[in-house]
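Below is one structure, written out as structure tokens; comments come after it.
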């Protein structure tokens, strides 16, 4: 009975993901992930707004995104860090710190909850949907907040994906390393990084991917820090005898983030066969797109539009902080 209850929503999400992959061949600038979430939003708020899809879309949104995060670990190694050098690592660490602090500060100014601020900070600083899915359980974020931030981060990422290649060529000219740093150090998802860098050339793709992987490898650190910050907030509220939600389970590291870390360590130590990394990447990408379709199906467009102006300001503000800080840091640390 449980499988039967899940199937309608799961199959619907899969069909949207397949259609999105097909459409992405004709509109590569958008990418399958963005198309999936947009088609999901359209369907979920019109003819696919059916309660029988709820269990399946919830499963796809949560579980498939978790498996996607874990499988990412098999696609990277610690040795990657050496390819961008000490200043490259310093650039990524500074860029991520500025993004997180900036997103938390701006979110507070705009009146967003702590969970939305943390999801926005982690999603933009690390790796989009995967980071948001990893952070959500350790800060007890509800499904609505998670879906809203994932949608916002993906839409903002699409805008940056189309503009950063032009900006990179205008500012850094022929330097593929600097353009790769701008794209890989700023864009949210791996797919967006590859798509944006491909608009320049294949060498830029390679450098941009290395900078992006460095950010992904910081996922565990960000999850642990945010988990600790949330735990401290709960402790402060308890100390003040406030009413605290009982959702917290005290786990700072979700199982799939631990799995990500184990697979990354394993690949670093024994170098897994290329076929395993390629297969893990393909499955991870498909799981993410199916999950994004489900998130779109579950997103209440009316509620999303109610906060539309604030959300747009938040997304635009965080995106601006990222781009400006990246340009300054690249000039100071990498341009010589």
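Backbone N, Cα and C define each Cβ position, glycine as well.
Quick look at what Swiss-Prot lists:
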type     : residues : note
TRANSMEM : 5-22     : transmembrane segment
TRANSMEM : 26-48    : transmembrane segment
TRANSMEM : 84-106   : transmembrane segment
TRANSMEM : 116-138  : transmembrane segment
TRANSMEM : 150-172  : transmembrane segment
TRANSMEM : 204-226  : transmembrane segment
TRANSMEM : 255-277  : transmembrane segment
TRANSMEM : 282-304  : transmembrane segment
TRANSMEM : 311-333  : transmembrane segment
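For the transmembrane segment (311-333), same-chain residues at least 6 beyond its ends with a Cβ under 8 Å from one of its own Cβ atoms are 87, 90-91, 94-95, 98-99, 102-103, 106-107, 110, 112, 120, 124, 148, 152-153, 155-156, 159-160, 164, 167, 171-172, 178, 181-182, 185-186, 304. When Cβ distances are compared across the two stretches, the transmembrane segment (150-172) makes no contact with the transmembrane segment (84-106), since fewer than 3 pairs at least 6 residues apart fall below 8 angstroms. In summary, the transmembrane segment (26-48) does not lie against the transmembrane segment (255-277): fewer than three C-beta pairs, each 6 or more positions apart in sequence, are under 8 Å. Tertiary neighbourhood of the transmembrane segment (204-226): same-chain residues 69, 72, 76, 78, 80-81, 83-84, 88-89, 91-93, 96, 100, 118, 121-122, 125-127, 130-131, 134-135, 138-139, 176-177, 179-181, 183-185, 187, 190, 193-194, 196-198, 252-254, 257, 260-261, 264, selected by CB-CB distance under 8 Å and a gap of 6+ residues from either end.
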